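Peer 1: Below you'll find the structure I mean.
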Amino acid sequence: MSFPRVGVLALQGDTREHLTALREAGADSMPVRRRGELDEVDALVIPGGESTTISHLLLDCELLEPLRARLADGLPAYGACTGMILLASEILDAGVCGREALPLGAIDITVRRNAFGRQVDSFEGDIGFAGLVDPVRAVFIRAPWVERAGDGVQVLAQAAGHAVAVRQGSMLATAFHPEMTSDRRIHQLFVDIVNGIA
């Protein structure tokens, strides 16, 4: 089996942790900060951070439209927390005028930013995850949740009555941060998706 080259958008967030988790899951991983680097990867992880900031960094780095184009052409992507927000087709509470989070439109979901509350309301807990025998330890930090999932979207996990992990084809998104634990099953799932075996 080949080792896919999976990029991690390295504008903000847990870049190093995702790079390590991807390597441990069997991928060749690299940071992506420029368009040329985006062109080199077989798949992309969009890490957590602050969604309006990352949106505007994508604009400043002239990555927003090239990323939208690659996603539309079928680039597999995994978004964690902010990554889930950005991969969505619609964002509720997107921010103030001129500083909104900009949806990439890769997954047919509507997400609500900061749905679980502010930074002080962050928490972690064990949740069931479709296809995995044992629960996943999920770290939620100012996390979103899914308000609406389209017909082609599979809900993989729920918390507090809302979807917090979804998949649509080769797109995967979680409201939580698996890179902050030693459990590599979510990253392994994404690598398997990229390799066409999940």
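Backbone N, Cα and C define each Cβ position, glycine as well.
Sharing the features that Swiss-Prot gives for it:
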type     : residues                                    : note
BINDING  : Gly49, Glu50, Ser51, Arg113, Ile141, Arg142 : L-glutamine binding site
ACT_SITE : Cys81                                       : active site, nucleophile
ACT_SITE : His177                                      : active site, charge relay system
ACT_SITE : Glu179                                      : active site, charge relay system
Peer 1: Taking Gly49, Glu50, Ser51, Arg113, Ile141, Arg142 as the record's L-glutamine-binding set, what's the max Cα pairwise distance in Å, rounded to a whole number?
Peer 2: 13
Peer 1: Report, as a single number, how many Cβ atoms besides its own are within 10 Å of the Cβ of Glu179 (active site, charge relay system).
Peer 2: 26
Peer 1: Would you mind listing, in sequence order, the residues at least six apart from Glu50 (L-glutamine binding site) in the same chain with a Cβ closer than 8 Å to its Cβ?
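Peer 2: For Glu50 (L-glutamine binding site), the qualifying residues are Gln12, Thr82.
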Peer 1: Cβ within 8 Å of the L-glutamine site's Cβ centroid: which residues qualify beyond Gly49, Glu50, Ser51, Arg113, Ile141, Arg142?
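Peer 2: Not counting the recorded site residues, we get Gly48, Cys81, Thr82, Ile85, Asn114, Pro144.
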Peer 1: Round to a whole number and give the Cα-to-Cα distance in Å for the pair Gly49 (L-glutamine binding site) and Cys81 (active site, nucleophile).
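Peer 2: On Cα coordinates alone, these residues lie 8 Å apart.
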Peer 1: Please report the Cα separation of Ser51 (L-glutamine binding site) and His177 (active site, charge relay system) in Å, rounded to an integer.
Peer 2: 15
Peer 1: In the structure shown, which of the recorded positions Arg113, Arg142, His177 has the fewest Cβ neighbours within 10 Å?
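Peer 2: Among the recorded positions Arg113, Arg142, His177, the lowest count of other Cβ atoms within 10 Å belongs to Arg142.
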Peer 1: Spatial neighbours of Arg113 (L-glutamine binding site) among the active-site residues Cys81, His177, Glu179, defined as Cα within 10 A: which are they?
Peer 2: Cys81
Peer 1: If we count other C-beta atoms within 10 Å, could you say which of the recorded positions Gly49, Ser51, Cys81, Ile141 has the fewest?
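Peer 2: If we count Cβ atoms within 10 Å for the recorded positions Gly49, Ser51, Cys81, Ile141, the smallest count is at Ile141.
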Peer 1: Could you round the CA separation between Ile141 (L-glutamine binding site) and His177 (active site, charge relay system) to a whole angstrom and send it over?
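Peer 2: The Cα atom of Ile141 (L-glutamine binding site) is 8 Å away from the Cα atom of His177 (active site, charge relay system).
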Peer 1: Could you give the Cα-Cα distance between Arg142 (L-glutamine binding site) and Glu179 (active site, charge relay system), in whole Å?
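Peer 2: Cα of Arg142 (L-glutamine binding site) to Cα of Glu179 (active site, charge relay system) measures 16 Å after rounding.
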